[in-house]
Ligand code: APR
């Protein structure tokens with residue numbers, strides 16, 4: 001059987017890391033696409049040359065021609081600009097919205113059956129625009145944010161508790177920005193909810209609050225350290241987890257930016273919610289119950305995303 005074809009739109013820091021991970025995990029053949037000639041070809045060849053040592057045979061191609069993504073099973077989109085210190089994800093909106101238009105048209109023309117995972121920020125607004133520009137079914141277009149934000153939360157919690165990251169589960173919902181909603185009630189160590197662990201004396205409420213805040217600022221913490229761009233290892237790994245769930249029909253329950261129509265009382269917008277990813281794409285949105293405080297935080301985050309959608313509509317009338 002032919003290997004799956006995975007198109008990576010954007011061959012920058014995240015795009016290159018994605019290509020390397022696809023190769024190492026033998027998920028399929030890779031086409032790296034970018035507008036900057038030489039970068040995708042160079043990265044593809046460099047990764048291909050690690051094949052003999054790593055023992056993979058996946059084909060790695062670099063291109064500036066959308067025709068080369070023809071028939072891709074998965075497209076992961078990182079095209080656009082990342083933020084620099086002092087910038088919020090929202091500051092990227094004007095530039096990256098134009099990029100989403102060209103990427104959406106390219107995918108629609110050459111890979112209309114693909115499962116599309118958007119990583120470009122500001123995430124929730126960009127994935128919404130990408131779905132509209134591409135015209136692909138909403139269940140086949142989603143955004144990567146919740147897996148990453150939850151991974152950051154899980155990492156910090158594992159350090160606090162001195163337990164394996166594997167045993168920490170966490171849900172971070174809402175928009176991928178300052179208003180994101182780490183849900184302590186739905187986050188556990190091997191099934192023990194965080195509020196119980198506070199009562200058991202494993203940590204204090206103050207320390208937990210600080211970890212929640214560090215999670216919200218997780219992207220900015222990396223930008224502040226790198227100074228020249230934003231995070232790429234963990235974002236790439238998170239998107240690969242989603243792609244693998246689709247390609248292997250794993251039915252993983254993962255928080256993703258998904259198109260809500262009715263769920264969580266939302267109508268026709270993308271925001272981070274629990275989803276099931278399998279061969280059908282976003283197969284289900286898990287409409288969990290939020291208590292009063294969680295609902296206030298979620299609504300606040302939804303309103304921030306709506307503000308970004310309105311800004312997009314102001315820039316590109318076709319989105320209105
Ligand atoms: N089409 C294709 N590629 C494009 C386009 C376009 N219209 N415009 C820019 N690019 C390419 C750039 O040439 C660059 O190689 O997108 C790539 C982006 O790579 P980086 O600048 O290294 O950014 P990266 O760190 O990979 O982040 C990409 O993901 O997490 C988000 O906020 C981040 O929006 C940013 C995106």
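Don't overthink the numbers, they just go from 1 along the chain as shown.
Each Cβ is built from the backbone N, Cα and C atoms, and glycine gets one as well.
Residues 10, 11, 12, 13, 14, 15, 34, 119, 120, 121 are given by TrEMBL as NAD(+) binders; from 96, 300, that same site also lists 96. For the binding-site residues 83, 89, the largest tally of other C-beta atoms within 10 A is found at 89.
Geometry remark: residue 121 (substrate binding site) versus residue 176 (active site, proton acceptor), CA distance 8 Å. Note: the domain 'Lactate/malate dehydrogenase N-terminal' (5-143) comprises 67 helix, 25 strand, 47 coil (DSSP; helix = H, G, I, strand = E, B). DSSP gives residue 152 (substrate binding site) a helix state. The Cβ neighbour count for residue 121 (substrate binding site), using a 10 Å radius and every protein chain shown, is 28. For ligand 1, the nearby recorded positions are 121; that is, of 121, 152, 176, these have a C-beta under 6 Å from one of its atoms. Sequence-distant contacts (6 or more apart, same chain, Cβ under 8 Å) of residue 176 (active site, proton acceptor) comprise 89, 121, 122, 123, 124, 143, 145, 146, 149, 257, 272.
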